2 protein chains.
Amino acid sequence: MKANGLIVEYNPLHNGHVYHIQQAQKLTGSDCTIAVMSGNFTQRGEPAILDKFSRTRAALSSGVDLVVELPFLYAVQHADLFAKGAVSILDALKVEHLVFGSENGTIESFHQALKERIKNQAAFESILKQQLDKGLSYPEANRTAYELAGISSTLDLSSPNNILGFAYLQAAESLYTPMQVDTIRRIQADYHEQSITGPIASATSIRSAWQDEKTQEVKAAVPIKTFELLETEELHSWEAYFPLLRYLILTRPAETLRQIHGMDEGLEYRFKKYIHQSLNFQQFLSLIKTKRYTWTRLQRVCVHILSNTQKHIINEHLNGAACPYIRILGMTKTGQAYLSSRKKQLDVPLYTQLKDGMHPVADLELQAADAYYSILSPEIAAASRRQEISPPIFE
Amino acid sequence: MKANGLIVEYNPLHNGHVYHIQQAQKLTGSDCTIAVMSGNFTQRGEPAILDKFSRTRAALSSGVDLVVELPFLYAVQHADLFAKGAVSILDALKVEHLVFGSENGTIESFHQALKERIKNQAAFESILKQQLDKGLSYPEANRTAYELAGISSTLDLSSPNNILGFAYLQAAESLYTPMQVDTIRRIQADYHEQSITGPIASATSIRSAWQDEKTQEVKAAVPIKTFELLETEELHSWEAYFPLLRYLILTRPAETLRQIHGMDEGLEYRFKKYIHQSLNFQQFLSLIKTKRYTWTRLQRVCVHILSNTQKHIINEHLNGAACPYIRILGMTKTGQAYLSSRKKQLDVPLYTQLKDGMHPVADLELQAADAYYSILSPEIAAASRRQEISPPIFE
């Protein structure tokens with residue numbers, strides 16, 4: 001059996017994702033599609049609209065054979081760490097191909113950029129540092145460094161999916177994986193696109209349309225399974241967590257907030273200063289945002305406050321290391337057959353159920369899950385928590 | 001001017017409290033009634049049904065002339081510390097009389113018991129230690145020690161208001177205050193009484209009747225002001241805080257919970273063990289309760305989790321010390337005149353408005369207030385928080 005791997009968030013799974021699943025399968029001719037998916041919180045620092053189990057069901061009903069969790073440790077991080085975690089999981093699963101969607105769509109451009117990046121490493125890093133010292137945000141400084149070091153000649157490294165794809169390729173190189181990396185062109189115009197204009201729309205525009213009760217527009221842009229889940233499951237958004245976030249920022253002293261991952265350079269005082277006058281999450285973020293601190297970075301810090309993710313756990317377990325285990329969220333018969341065929345070759349433990357105390361990274365996962373479920377009624381929260389320690393979904 | 005002092009919670013203020021106010025005034029012949037009142041959380045470890053400002057308004061409209069806050073530091077503690085804080089405030093305010101309500105009703109019995117207590121100090125303490133080592137709860141061990149040391153011959157020290165009154169007398173003795181302590185007999189049968197049976201009912205039974213929507217029964221047992229406040233203000237109960245408490249116990253590691261005041265003897269593991277299966281506060285407390293840990297003690301620990309009250313702040317500031325400041329919550333013209341007449345004699349700073357960073361004990365007060373308001377909408381929470389840093393209520 002041959003497998004191809006995708007790195008996904010499915011927040012929520014839409015027609016563009018289904019197209020990606022199908023095209024990747026066609027391109028690679030593999031028998032099994034494996035998706036490494038972020039759990040309850042996404043890379044941009046948001047609670048996923050549907051929990052990991054619902055999104056796993058949507059994936060399995062749309063052509064994915066095996067859904068593996070990208071641990072929270074890697075998922076709510078900047079692109080390089082996110083990529084490192086995800087690629088190391090696919091590598092550990094002995095996947096033959098990694099296929100990512102990008103604005104560019106040609107893998108040669110990525111390889112070319114990577115070559116240039118390696119050649120101009122010293123210049124790149126020195127410019128990056130300069131720009132950061134000037135007070136630019138990390139993405140801005142990064143973009144400028146690519147440009148000034150003459151790296152992005154063939155690849156536009158200001159497009160979000162090009163950035164992520166480039167990070168995947170870098171991670172694959174650094175892991176010396178035999179996995180072949182390929183890309184397909186995304187057919188949707190813009191990742192940040194705010195409104196639905198046809199059957200292919202961005203996840204952002206779908207979430208926003210759902211919130212505005214534009215049910216029919218959403219229906220046209222997602223598979224029926226996603227639509228059903230949106231209608232029946234508990235939905236999550238930052239605003240629902242705002243009272244809890246507010247409580248935490250108000251009642252924890254600055255020294256406690258400073259222990260939170262990402263709370264650097266005195267940011268804790270900024271958080272405490274502006275929380276009193278903030279009546280919702282959007283307002284709070286607008287107040288604390290600066291040129292240096294991007295919205296995304298601040299959202300990630302907020303997720304880490306909620307999940308009580310402390311610097312020491314990140315320092316002990318992240319450090320650019322490969323993912324220490326593989327956690328199966330769900331599979332089809334095909335996915336199960338693939339796992340059986342590879343089981344003996346795996347160098348990393350395969351977890352079909354989490355339990356407390358099994359691994360510090362898994363404990364952090366459960367802690368983040370408890371934070372995610374905390375806005376639900378105690379009954380539903382307890383039931384969701386039980387899913388975390390139950391066997392994978394089999395469909 | 002002559003003042004008499006009361007130590008109160010008014011949770012909520014009812015006809016029995018009004019009787020106490022009137023009788024104390026009659027007994028002492030004073031011109032001004034001062035109430036030291038717990039803030040948003042009560043001695044038994046519960047969020048007060050109405051916030052401190054509403055309860056202040058009720059007090060001022062029922063014959064109290066000056067409402068002073070018993071800081072959170074002292075309020076949510078066992079009887080001796082609660083008494084120490086409250087009596088030291090009345091002493092600092094140069095109040096002539098302290099009048100408490102008790103089941104016994106005769107101050108001589110209290111003085112007699114105190115004499116016996118001092119005489120049998122050694123025996124008392126050794127029996128107390130023995131009983132605690134046997135696994136008894138503090139109140140149980142205390143009661144047994146009084147009995148076995150032959151102290152409670154004239155005073156029943158198993159009645160809750162006798163216990164509190166005795167603690168007031170002890171605190172007054174230890175402070176060498178010139179304040180005269182007196183008692184009046186409570187006309188209500190039982191502090192723990194569960195249902196309303198007439199115009200005088202316990203605060204517990206009133207809260208419970210209000211929750212059961214027995215509006216007319218409550219109306220008969222409280223002044224009109226209390227009734228109006230119950231109808232119009234936001235009400236607080238443990239159940240509303242349970243999702244937050246659950247979140248905190250789940251997402252904070254045992255080492256973090258261990259830093260919370262009252263979290264001793266490995267109690268944190270018991271909290272973490274039983275929280276998963278608990279769907280409401282009552283159920284959780286029933287699960288963690290043992291012979292050694294009384295319901296009240298566990299409720300207080302829960303308040304300290306919510307308010308993030310750490311052991312180190314308690315150790316630094318409590319230590320049996322007198323209250324470091326006097327905070328005015330509200331006053332009438334008479335109360336204001338009394339304060340003016342005594343202002344020059346006060347040895348302790350008088351705060352009419354709190355602000356951040358003014359005193360560690362005041363900072364803890366604001367932190368507890370933020371926890372208390374956290375279940376409200378961000379708009380109402382922010383407005384309530386502003387009241388904390390506004391001038392006193394003047395009525």
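The backbone N, Cα and C atoms fix where each Cβ goes, glycine too.
Remember, TrEMBL labels are computer predictions, not curated facts.
The structure displayed is predicted, hence computed values, not measured ones.
TrEMBL annotations:
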type    : residues                          : note
BINDING : A:7-20, A:G101, A:N161, A:186-187 : ATP binding site
Least buried by Cβ count (within 10 Å) of the binding-site residues A:Y10, A:Y19: A:Y19
Residue among binding-site residues A:I7, A:L13 with least C-beta crowding, 10 angstrom cut-off: A:I7
Cβ atoms near A:N161 (ATP binding site) (within 10 Å, other residues, all chains): 18
